[in-house]
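These come from TrEMBL:
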REGION    16-38  region 'Disordered'
REPEAT    174-209  repeat 'PPR'
REPEAT    277-311  repeat 'PPR'
REPEAT    312-347  repeat 'PPR'
DOMAIN    468-561  domain 'DYW'
């Protein structure tokens, strides 16, 4: 909509004040000195208000209103400061009204700084068409205006072509420009594109990557599970002397942890200047948890408390997850109670979910149901998936069916609920139930995500069978009578194929790292344990649920997966 024509400053109160204020008398027609004096006084008043606005940015709009009431015309600096306040407060009405006020006085067209701040205010308020109109109205837009509009496109999120096209048309780009696009790529799951953009940034030599750049790139590498790239990024940080402060340290810890290289994460944690900050501790706690190091996670939590560091909700979420993944039921119950009794933290849905997961993994389904029935909110999809997965593992098929139907109601567009419920029916031999669930899935247009695995270089299925491996055909949840066909279908699971490729493509003794988009099945879990023993390899598998470190025939998850 077009900007209002009446500035918000001219409210009824302001008008009343203006009416009661004595009107200034026109100066004598030939008194040039009086004209100069009045102009000087007005300029001084505007400069004074602008100085006060700089010192009190949270009062900028109120001071601007007082400036108008004083009868003086605002200078460009005052407009810029008032518009900056609109951007900070996401105040759409004030931004539009300031635009009208400035446009009437010709300030927008003639002052690049005011135009840039107006672009920023509109972009920050989500009024991108307005921001673009102001931007297109100027012929001398500076880097600030270009970056503000670029951030506006990034904040919109969806239109990748508009963002990339605008970025390509920029006459010059600085670190803010590159960081904006890199952050957008990471936020929208375009991790490979983020890596490509970073390489283009280095080749262009327009600017040097800073800490913000490295945080985005390390985050992208984390999601890809690309340890080699992560090692390169860390080496780049060291080589360029970039300070590893709290955010970058946390990003590096998360990257190493989620690539299965937990000792490197510990090295970063122990050598960081922000070693015992809450963020880095939370990152390290999460790293220990996902890598199956439950005892080390609880030990770190004890150190945090001894150092006087006050844990938050994220901390307890990691601690409870560590107890859940380690099968430490009593410890989990104790920490759950301490959270509210000692630290006054009220459990949220994530904490209750951890407790349901804790009891479900341990086969204590009565306790899990008790948590769900007594907690002050409805169970979410994540909680029901945990319960359903445990029902499948422990063959609690009746509860699994109830949880599965409830999961489909809670998340009707998520394929996981249909697949898990179908698997429960298949385990029960109820193929009619399987058919109904699959038909419901088809009728609603919900598609199952195909399984895929990637490996940083992968095994042998036939050799497995010759060394004592027996395929667990109960994991084939299809109506197939032929056992050989069932065994063949298990052989084609993507994680087995990825490990096979790693074994024939890497030197003996080298660790094999696999990233799988789905949860690893029980047959693959057992097979990989045996593979790690046969080939004396460390095999790290990151699935949709957690990390599994296979060494010498055992797994870090302790089969709590």
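Keep in mind that glycine also has a Cβ here, set from the backbone N, Cα and C atoms.
A Cβ distance under 8 Å defines the sequence-distant neighbours of the repeat 'PPR' (312-347), meaning residues of its chain 6+ beyond its ends; these are 278, 281-282, 285-286, 288-289, 292-295, 297-298, 301, 304, 354-355, 357-359, 361-362, 364, 375, 546, 557-558, 560. Taking the repeat 'PPR' (277-311) as a whole, pLDDT averages 93 in the prediction.
In terms of DSSP secondary structure, the repeat 'PPR' (277-311) contains 26 helix, 0 strand, 9 coil.
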